[in-house]
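**Q** Heads up, here are the entries from Swiss-Prot:
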- 161: active site (ACT_SITE)
- 466: active site (ACT_SITE)
- 47-67: transmembrane segment (TRANSMEM)
- 72-92: transmembrane segment (TRANSMEM)
- 543-563: transmembrane segment (TRANSMEM)
- 577-597: transmembrane segment (TRANSMEM)
- 617-639: transmembrane segment (TRANSMEM)
- 674-694: transmembrane segment (TRANSMEM)
- 697-717: transmembrane segment (TRANSMEM)
- 731-751: transmembrane segment (TRANSMEM)
């Protein structure tokens, strides 16, 4: 029989009550911590892939034959090139359908004495107190500090890359409030351990204790928001004498781009307890690395590497959780779920990280902007999980610290012994020599002539450091696991306007191209390191921006042909006509099936495919252009923080009603508006031609019809709406001019 101590039994009982899993039958003495099963749709998908591949080969034959016999060489070449890109991108998607798997973990069976649990370092990143409100950071920090996990094993590091005294003040307030919040959560087995979420819930406790805690939270929130609104921390608000001096560092010369290192221990598990002296408080450390205008800081990857070094000096926990500041913990048993994999003797040696999906709160009914990223964070993940494992998505990831120091069989030693991944820390985190070394490794020139960013830590060279780092770890031989419990492990906020969505994804497109066009390209280095299927799977993301080419060609060329009654597709009487129909229905049908099988709705899928088109005409296109200009040294790009603050009530109401929010004028809306106008004109003229001239250009008309239905929100924003979220008149006017130019140009090539 498997035996546990009384203390261990009580701790496991708490974990079991937080897992929210349905009852499962296990044999007596069964200590299996997790299981893995292949998806049932694998074989049918492989069979379909064979038939679809045959269809693509036939289509390529048709294109080549047309190219050799047709007079319109340019048009045929564009269609051929577009279909080559579409075929390649379909192949990348199919590689992720090759071996999808589902995993289940059993945290209630994780047996260890509380003192034997491994230490856990949590990294939370923020960069702007106005785009990422400090109270959001506070709630994320408190939610992980309150994990159902030995508190003395948890160390929370908050990286403030904006170097803001407002964020530091908010965390000081959080440290004081945590002494009431953490005991309350653990005594009452609270599931929602983000205070904002808990006190907004209709199911929360109304006891005197709960109401008292709520009053404390509202007082804290009021103080923090007052400080943020005023833009400075007034002396009257600093109630703890030991922290008064740290705010003197914010002098007139202090800027977000040029300032010294600030490391402040706000809570120490060795000394801090709640008022009843029954509960130990976890470590809470504020870190703002040194910045200089003459030194490269490598954006978020640089901030994470600083935390990796600072935590290595202070606590050096073997497990690291990375979180964005808006991604609060939604399940207090999450660390134990990760341990089911990270401590399994069968796989732990080569396991680099356990990735949880990103889940977003407040998503509209049918996810109008496709911000749940269902394919990115769920569908593709189970496909990757059957290969080398899921890619890293920037947050909600438990890392094996050893994974940042070379391949499983090839440890790369850091430049100083204090940063070795297996070192046991034997000094208090607030010891003078420990803090001195922590300040040193957070310096802006510390990484010069070291392996940081190239062979050690998070990797530099791409704006999407999460994708690039996970990819490089897989290339080195590390594996990963996708953990998707029924209760979401983490929840966050998503953009609520189209301009925020496409701006964020333009940055992703640029970063992914930086990987695709590099010495570590997935199609070459990736295939060599991980094998054909996994390497091609990584191309699904690296080549994101390439979607823009076929979308532009198919968004304009057939429609212009329709306006001039010049055929670019086979007519309905031609047998090749049906090949286009079958390939289109097959690709879209399989995409719909993927979506629905993973719990999506039909309306959600429709919006998802529409946003795929919108991205192709905006973020992917402009990302490709900006990357090209940067490669030619004609421009540079930086890292723009996506705003998580949403105080516009009217915008929120429109979002809930699923009305598109275009917002301010942006050049990224020009191609989108132009393609909407061109397709509407082509649809009207093609419909007239169908009745006036008989057979008509059916495929061209069907394509224009499909585009018009997808563009209905754009027509509404152009003509019918008068609210602030409508398309700006300037965009509509310029798009009208571009439409005229395209139609006139079409006469040259199509007549």
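A Cβ is built for glycine as well, from the same backbone N, Cα and C atoms used for every other residue.
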**Q** Sorted by position, what residues of the same chain at least six away from residue 161 (active site) have a C-beta under 8 A from it?
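**A** Residue 161 (active site) has long-range Cβ partners 125, 126, 127, 256, 288, 289, 297, 300, 303.
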**Q** Of the stretches 543-563, 577-597, 617-639, 674-694, 731-751, which racks up the most C-beta pairs under 8 Å with the transmembrane segment (47-67)?
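**A** Looking only at 543-563, 577-597, 617-639, 674-694, 731-751, the most contacts with the transmembrane segment (47-67) come from 577-597.
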**Q** Going by DSSP, give the three-state secondary structure for residue 161 (active site).
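**A** The residue in question, residue 161 (active site), is coil (DSSP, three-state).
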**Q** Hey, what's the Cβ neighbour count for residue 466 (active site) at 10 Å?
**A** 24
**Q** Select the range from 543-563, 577-597, 674-694, 697-717 that forms the most Cβ-Cβ pairs under 8 Å with the transmembrane segment (72-92).
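**A** Top-ranked stretch among 543-563, 577-597, 674-694, 697-717: 543-563.
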**Q** Looking at 577-597, 617-639, 731-751, which one has the highest count of Cβ pairs under 8 angstroms to the transmembrane segment (674-694)?
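**A** Between the candidates 577-597, 617-639, 731-751, the best contact partner of the transmembrane segment (674-694) is 731-751.
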**Q** Three-state secondary structure of residue 466 (active site) from DSSP?
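**A** SS state of residue 466 (active site) = helix.
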